[in-house]
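As recorded in Swiss-Prot:
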type	residues	note
ACT_SITE	117	active site
ACT_SITE	135	active site
TRANSMEM	8-28	transmembrane segment
TRANSMEM	61-81	transmembrane segment
TRANSMEM	91-111	transmembrane segment
TRANSMEM	128-148	transmembrane segment
């Protein structure tokens with residue numbers, strides 16, 4: 001049973017990678033670099049963009065650093081997934097999303113020497129940095145990990161408060 005549960009998190013990562021790579025292939029195949037297609041005017045655009053760095057274009061061209069960091073992160077995520085308990089489903093989903101996102105962008109860095117980005121949003125007239133499915137999966141995974149950690153801490157604190165209370 002535990003093995004089957006763990007496999008679901010790897011399956012989630014695989015689905016993220018498939019969707020990420022498919023959408024990037026579509027952008028590379030059918031859009032010119034810099035081309036922008038409005039999805040919801042003034043809110044959401046599909047914009048063909050390339051990034052040789054990290055989020056928001058930081059550390060441009062530092063391929064070996066990204067390779068090393070990604071390998072360490074992926075190994076760490078796999079170790080955590082293997083140690084998950086059946087009750088840690090939300091944490092497993094978070095790790096699966098993070099694994100898929102990390103590997104999705106890693107595939108780009110290995111084969112394209114750059115990451116294909118295309119989701120371009122404007123939030124209150126702010127042009128948010130262009131991102132992709134892998135970035136979204138990583139972000140959602142990290143958010144879920146924080147939610148899981150916060151709820152676990154609240155439950156632990158609640159249990160310890162209950163154990164320390166006195167009854168007349």
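Keep in mind that glycine also has a Cβ here, set from the backbone N, Cα and C atoms.
Since the structure is predicted, the reported quantities are computational estimates derived from the model, not experimental observations.
Reduced to three states, the DSSP call for residue 135 (active site) is helix.
Around the Cβ of residue 135 (active site), the number of neighbouring Cβ atoms within 10 Å comes to 20.
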